[in-house]
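Inspection log for the structure reproduced underneath, given as structure tokens.
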Amino acid sequence: MNVGQAAHLSGQMSGQAPQTNQVGGSGVGGADGLPQQMQDVVGLGGLDTQFLLMRNTMRDRIFEYIGRKQSSTDWRRRLPELAKRLEEILYRKFLNKADYLNMMRGPVEPQLQFAIKTLSAQNQQNQQNQQMPRQMASSSGYGTMIPTPGITQSATGNSRMPYVTDNTGLPSSGATMVPQGANTGSMSNGYQHLTTSVPLNSTTSSIPSTMGPVGIQRQVTHMIPTPGFNNQQNVPVNPDFSNGAGYFNGEPTVTSQMQQQKQFPSNQNSHQIQHIGGHSNSGMHSNMLENSSAYGLSDGHVNGGMGVHGSNMQLTNRSAASEAYINISTYGNSPKPVQQQFNQHPPQRIPTPVDISGSGNFYNTGSSALTAANNHSMGATNLPSRSRMNSMLHTNQLNMQSIQPQPQIKTEVLDQPEKMNFQSSQLTHEQLIRQQHSMQQHQMQPSSQFVQNQYHLNQQQPNSQHQQSILRSNSLKQPQLSSSHSMQLSEQGALPHTELISSQATEHADIPIYQGQYQQRSAHDNVKGGQVFGHLSSSQNFHSNASHDSQQLLPTNQQLDDSSNDVSYVLKGSQPEQMHQAQWRPQTMEKAPVTNDSSLEKQIQADLCQRTMSQDGAQQPFSSDWRLPGCTVTPADPALPKLPSGGLEQAAGNIYYFRQMKWLLLLFHAKSCLTPVGSCKFHRCFQVQELVKHFENCKRKDCSYRDCRRSRMVTEHYKACVDLQCPVCSNAKKLLQRSAELASKQKPPEPRKIAQQNTAQRIMNGVEGDIMDIDLVSDEIFDSQPSVPKRLKMQPVSPSTAEREVSMPSNAGLILQETHSELPDQNNKVGQLKMDVKIDPRPLQKPAKIGYGTDGNVPTARHNVAPGGSNEIKTHVKQEIMPIDKETSETAPEVKNEANDSTDITVSKSGKPKIKGVSMTELFTPEQIQEHINSLRLWVGQSKAKAEKNQLMGHNENENSCQLCKVEKLTFEPPPIYCSPCGARIKRNAPYYTVGTGDTRHFFCIPCYNESRGDTIEVEGQNFLKARFEKKRNDEETEEWWVQCDKCECWQHQICALFNGRRNDGGQAEYTCPNCYVEEVKRGLRMPLPQSAVLGAKDLPRTVLSDHIEDRLFKRLKQERQDRAAQERKSIEEVPGAEGLVVRVVSSVDKKLEVKPRFLEIFQEDNYPTEFPYKSKAVLLFQKIEGVEVCLFGMYVQEFGAECSYPNQRRVYLSYLDSVKYFRPEIRTVSGEALRTFVYHEILIGYLEYCKQRGFTSCYIWACPPLKGEDYILYCHPEIQKTPKSDKLREWYLSMLRKATKEEIVVELTNLYDHFFITMGECKAKVTASRLPYFDGDYWPGAAEDMINQLRQEEDDRKQQKKGKTKKIITKRALKAAGHTDLSGNASKDAMLMHKLGETIYPMKEDFIMVHLQYSCSHCCTLMVSGKRWVCHQCRSFYICDKCYDAEQQLEDRERHPSNSRDTHTLHPVDIVGLPKDTKDRDDILESEFFDTRQAFLSLCQGNHYQYDTLRRAKHSSMMVLYHLHNPTAPAFVTTCNVCCHDIETGQGWRCEVCPDFDLRKMLDLLVHASTCRSGSCQYPNCRKVKGLFRHGMQCKTRASGGCVLCKKMWYMLQLHARACRDSGCNVPRCRDLKEHLRRLQQQSDSRRRAAVNEMMRQRAAEVAANE
């Protein structure tokens, strides 16, 4: 529980202000003992993270400061404990956050000295107190004195109390959840009761651990409070059992001394610092709240706090014990049952030994707190939050009796040792060993210990008592141990004798029984902050139980038992990391018959309906207002689980949380309940359904509808909650998860019945031994089978037919186990139970999407869980939310994480993780499923012949055929392979040679291989031995992947099933085929997931550009549809239209284009830029086809803004555009063009309009169709889509541009050749290559570089007087004839380059389209962006800029416009307006590794076989592309571990499951570090190993190509690094070379494109010549 809540509840839930009457001035309810992540909590589940950070920082400072002083191993091992403990002292001193901050700002040393001094004093006092037992035991006179009015009474004359003030600073976790002063309010009779000021028995070790407090207890017990005066008693409390035992472990020693003159001190470890902040709680009265006896008896005798004969005990105030009673037996050994009562007075407490010792064990909520009806009574103490204790006077002659008798419930007094409930804990392995060692030290000693709380002081019959307390071995060996309360309750709100409220047994069957209760952590959580134990070997805190003979029952090996294997969930405010408390019942437990009656139903209804009332509204947010109409109001809910040990405030808070959780579950049930109205077994289900319908639509904050505001509050919190420790949300999720997990554990050969329709499934509620009711409706569990990997079609595994027995533990609930367990009835008689089971986890109507934030952790479940730990597993969070399938009748509200996702997983009935969205078909309706299956069998996209062939195969299906498409074997298109030297594509089935691995693999066509006459071949500067070459044939085929349905076990293609292998969880995810899915939907067993369950195109981030294009597109489509409707004389609804379109920008990144070196050399004197910055963008169009968003269109653009240098300033380059022919509907517009074409044109026009508005002046388009068999963006086009010729493609662009011209978006159209290579009309611009816009991937930059190299080679050959290998070089005479006057130096090279380039471009000049968005000057050809434009009205398309106009005015009239004419035309100025001064992009950067370049996206598609050649594949590929877009950090490819050669599954965090130490990301970070590290003794992990690999790489002769394993490993990491590295000056070895290699690959692609264009032009010229 948190600080804020502790103080709040302690006051408000008792009807009083929070009490701060505690020792040392410490505030109420500190949270310093909680785990760090649970400290300083304010509000409902909210964390004061700032305060938490401050405290953690202070701990670190203390740790560092002390660590510098000491360096021994033993000291450093204990240092974290000491640092935490010292910080807790400081926290006690500075409770306020502001004070704490001021303290932190100062030096740490003075504060540390104070903390150390306080801690030393506490340890010293602890040692002194160990010598006190005889003194205290002998001082009996004081206890009979009546305190004098007005005089504060002290328990002893000892002046040790000054330590009390200082030693309060170290409470244990949860310690501060109770007011540490016992004065919690005035008594009802007006008396001021005694106040027992107890120093928090936290971690101080200053509290007496032996007899001191015990003697005081007895004395105080006999004191009579004087009316009107405060009798205060300052008594230190033993810290060793502050974790929940709450009694003095020295007490049994005292008793033993008095009887046998023997003393066994309970704490010998004061020399060391123990129990640092890990205890559950420390307020002694809170200890008593949770227990009725020191060792777990529900109604055991509590005498003087520790078995002191004649001493009476008054229970403390329990402000939150609304569902829990403390069962107190009579004093002495009287077998009479305790009469119990409740009244409705505010609670208060009389100082009794309880206040000091808290001698009862802690029970979780409801364990000792047996539920009862309104009128149930309890002797002398009224613990519920709405009752007050009547002031009572007890002496050692009086038994406890009721002051206001009420109808009673007689409780069975368990005064025999064999009926005691001993509390144990789940132990970590280390703690078990240490505790066993401690136990072995004391097994040979007489153990009189804490069981004496149930004995008489004198133990007249020790032997018989010992024999009675011996645990039967069969009881110890039971995997399900019980600690039930054998109390029979009345029918009002109570369970019948066959269904007792008890705690689930611990999972540890063979743990020795230790004294009281102490804390531990769950085995799998022991790394988190929790209970810190001292050296158990030196402490005698842990003793065996009751007798000498019981020693033989203690096992020598404490082992963790996984028989229960239950998931325990966490309640905030309980033990750190929710230490599970288990109660052992040392009785023989046998199976008892259980009748199939409606008792469980009644209990569930009581759980969910009964809302306890409070006179103080602040006590329960869900008190009276949360009662459902007609629900019975009782003083205690009948089935609340036991509160973990935490005291009054903790008990109150957990009830507070628990009720919220139960209400939340009830809302879930009502929301998903499918039963007819009035027939649901929850008779108030209909009213809650009405409430749900109301508050889901209600927007009023002050709505007066019953429970509306509170219901909305809890559901909204659930939606937004990302706290894995939230006591409400996390528990609700885990309950539902556990419900499905329990269902999945049952694998009977036939459907079995677990109960009638009214039976409830009990689910573990987090603290071991606690249960909570979750309703499961009857249904069938199908036979399940071991999980089969989904990727490969393997031999089927037969389902398990092993019959499972259902165990009935002592819980009234039905916890499914594989073993029998015993259920004691009310008379402690036993019977045997064996029953068939049947579970119907009904599906959700609306599955929950729970977002946990990025890289966060979420609970999941799996099968292989380490023994002893709960099945709470942490899984790496992906970035896409997958809704949870609870497989129960509960449903969860839909929560959408606006950031990236996390993955919520539950366990399905088959035992596999049920991951939502593993198949897109889960979102389909049955009609959409049928539409999808019909579409599969049409083979849309294939040629008519292939489609008919596949359809024919479908008519002849066999058992190996896909159940959906009816075809057996389908293969992917093999990725294209290119020859490394020549760049030619290696044809299908052609032979080739290969060498190398990974990205360094090279391919050689047969001609290139044969041309090399030597023994080696040089490629990219590397020589490869021919002997190492491997000859292959390009005929490899990859078959489509398969997936098997977990229901019907039929096989389908993953593509047909729209199965996402990335969510397959390593082959463990459950998959339901479409056929079974439809059947389940028709039977009402499940509902289709909402469309938001799997993130789609609409969930991609929107940008200004995408919105602009979409707005224009939708407006134009609406107008087009209206025109068609008008033409056909129909309404607009009667004509089909394009629907489901989404435009998104998926990549928008800044890049730099480096100018090629040869070209730069020519213009270096002209200050030509070395690089051009630009922004690269990728735009995609999606359309929802048959329920799936299919990517139909994509384009890449380059934007060179105003900041870019000339000649690229304000220019845009449309670099690539691609589409596939699946657009729907396939109709034509009014103008006769295809609607598909209309849409694509509007996207381009919208983009040009957007560019013009931003201030760009021109757009450049190279209308170049792809090569046959190659793709630009989308991989593998359908056969029905023809690749256009260049003229068709050019006309396609020009028709679009003509539309844009009509809208005045485009002002001029020209081509690259006419604009730059010749001077036409009055153009006065210089013809030079420096004016050409320089774009990445364009035709001319690459061609110019090749030409420069060729010109240089020719020049070298001419100098050597050799004939040129190509045609003769252009002479200067020819250049002069062409008009070039300056032929000196680089100018001649420029002229020759332009001449040669012009000759190449001229035949295809129309393909290089120049689009002017602004007017260009007719003289200088500059695009005008400011000033005035001078226009000639007589001449068409003549405009000049201000600069040229000024120059024009300096000329003579005959030289002015128009030139070569006698006429003079007047120029009119036109202002250039509406053009922004810059081209700043308002959109944010959008990075996508997969869309960074079109080659990167192609590589993604090729490597994963994301093909678009058929509609079925296009749908699957688009689904996967969207998955990658929404999960950018998920690995793109399945990577192979270089150590074990196993695949590293995607989504596994780049980890190899076989090699646990291999983490790829860490290795890449290490690579960067090692490349710059110069330290010979670097401590960075594995730094020297990587350096050794570097040295090996320089010396190795074998190399990676030769098979060297070390070289392969290094190359693999270097390649991965180079892909992601953006640093041009990176120091990682070979990084630049690898980048250059990648650049060459892109250059090869560009070269192939140019070569194909040149070949096409050559063929065209040949055709023209032939026709002539």
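Backbone N, Cα and C atoms are what each Cβ position is placed from, and that goes for glycine too.
The model shown is predicted, which means the values in this text are computed figures rather than measured ones.
Swiss-Prot lists LEU1217, ASP1218, SER1219, ARG1236, THR1237, TRP1292 with the feature acetyl-CoA binding site. Marked as Zn(2+) 1 binding site by Swiss-Prot on the basis of sequence analysis: CYS1417, CYS1420, CYS1441, CYS1444. Per Swiss-Prot, Zn(2+) 2 binding site is recorded for CYS1432, CYS1435, HIS1457, HIS1465, and the stated evidence type is sequence analysis. Positions annotated as compositional bias 'Polar residues' by Swiss-Prot: 11-23, 470-491, 536-551, 900-909. If you look up Swiss-Prot, you'll see 459-469 marked as compositional bias 'Low complexity'. Feature annotation from Swiss-Prot assigns compositional bias 'Basic and acidic residues' to 886-899. Taken from Swiss-Prot, the feature domain 'CBP/p300-type HAT' covers 1094-1530, and the record attributes it to sequence analysis. Taken from Swiss-Prot, the feature region 'Disordered' covers 1-34, 459-493, 528-551, 886-912. Annotated zinc finger per Swiss-Prot: 651-732, 1002-1079, 1412-1475, 1553-1634, in sequence order.
Note: the Cα of CYS1441 (Zn(2+) 1 binding site) and the Cα of CYS1432 (Zn(2+) 2 binding site) are spaced 12 Å from each other. According to DSSP, CYS1432 (Zn(2+) 2 binding site) is assigned to a strand segment. Around the Cβ of ARG1236 (acetyl-CoA binding site), the number of neighbouring Cβ atoms within 10 Å comes to 22. When the binding-site residues ASP1218, THR1237, TRP1292 are ranked by how far their Cα is from the Cα of CYS1417 (Zn(2+) 1 binding site), TRP1292 comes first. Recorded residues CYS1444 (Zn(2+) 1 binding site) and HIS1465 (Zn(2+) 2 binding site) have their alpha carbons 15 Å apart, per Cα-Cα distance. With DSSP states grouped into helix (H, G, I), strand (E, B) and coil, the zinc finger (1002-1079) comes out at 18 helix, 24 strand, 36 coil. Counting only the Cα atoms, the space from CYS1420 (Zn(2+) 1 binding site) to LEU1217 (acetyl-CoA binding site) is about 32 angstrom. The two recorded residues, ARG1236 (acetyl-CoA binding site) and CYS1432 (Zn(2+) 2 binding site), show a Cα separation of 41 Å. Taking H, G and I as helix, E and B as strand and the rest as coil, DSSP gives the zinc finger (1412-1475) the counts 11 helix, 15 strand, 38 coil. The residues of the zinc finger (651-732), classed with DSSP into helix (H, G, I), strand (E, B) and coil, number 52 helix, 0 strand, 30 coil.
Here TRP1292 (acetyl-CoA binding site) is compared against the binding-site residues CYS1432, CYS1435, HIS1457, HIS1465, and the shortest C-alpha distance is to CYS1435. A strand conformation is recorded for SER1219 (acetyl-CoA binding site) in the three-state DSSP classification.
Residue pairs drawn from LEU1217, ASP1218, SER1219, ARG1236, THR1237, TRP1292, the listed acetyl-CoA binders, are separated by up to 14 Å at the Cα level. The two recorded residues, SER1219 (acetyl-CoA binding site) and CYS1435 (Zn(2+) 2 binding site), show a Cα separation of 41 Å. Ranking the binding-site residues SER1219, THR1237 by how many other Cβ atoms lie within 10 angstroms of each Cβ puts THR1237 at the bottom. Sorting the binding-site residues HIS1457, HIS1465 by the number of other Cβ atoms within 10 Å puts HIS1457 first. In this structure, the CA atom of ASP1218 (acetyl-CoA binding site) is 40 Å away from the CA atom of CYS1435 (Zn(2+) 2 binding site). Other Cβ atoms within 10 Å of the Cβ of LEU1217 (acetyl-CoA binding site), summed over all protein chains shown, number 22. When other Cβ atoms within 10 Å of the Cβ of CYS1435 (Zn(2+) 2 binding site) are tallied across all protein chains shown, the result is 16. Separation of the C-alpha atoms of HIS1457 (Zn(2+) 2 binding site) and THR1237 (acetyl-CoA binding site): 43 Å, rounded to the nearest whole number.
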